[in-house]
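Enquirer: Pulled from Swiss-Prot, these are the listed features:
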BINDING   His133, His137, His143  Zn(2+) binding site
Amino acid sequence: MPDSADAPEEVPEFVDIVLEDDRWEDADLPAMAERAARAVGEWLGLDAFQVVVMGCDDARIAALNAEFRGKPKPTNVLSWPAVEFEAREPGAHPEPPGAEELGDIAISYDTCLREAEAQGKPFADHATHLLVHAMLHLAGYDHIDDEDAETMEDAERSILGKLGIPDPYLEHET
């Protein structure tokens, strides 16, 4: 019987995946989302948390966008935090969330692909950026005003840089 000290350490999964569009399976959304979640967790100083990510198409995300934001059109990504965050000074980092469940994310394959092609970016890099962006929203970041946008974009650049993904806010040739 092996010693429990010799047993491999169990690595927690951060992401539950719901695939409503099979193209996300081909793109390996589960691995992309898990990689993004681990990087966000490390950056936030969180050992474990849970996020639900739904990979869908433009029709589904347009319906969700209409229902929750009153905008009946497709968008790239939507997020629903599990907890409400206290107001903070503009540009300040939010307190790391204490909840184990951060919230839910929906990401549209169609819009993600269109944007990646228009910006001359690899699909996986763009999708990973959108997942990181949404996970930061779940952790209390936003980009409503310029100072908060700068703070959030700096966080995204830092996290994506550790993943080897170039700055998503640089101009790209098409």
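Every residue, even glycine, has its Cβ placed from backbone N, Cα and C.
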Enquirer: Using an 8 Å cut-off from the Cβ centroid of His133, His137, His143, can you name the remaining same-chain residues around the Zn(2+) site, in sequence order?
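Expert: Here the non-site neighbours turn out to be Ser79, Ala134, Leu136, Tyr141, Asp142, Met152, Glu156.
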Enquirer: Ranked by the number of other Cβ atoms within 10 Å of their own Cβ, which of the binding-site residues His133, His137, His143 ranks first?
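Expert: Result of the Cβ crowding comparison: His133.
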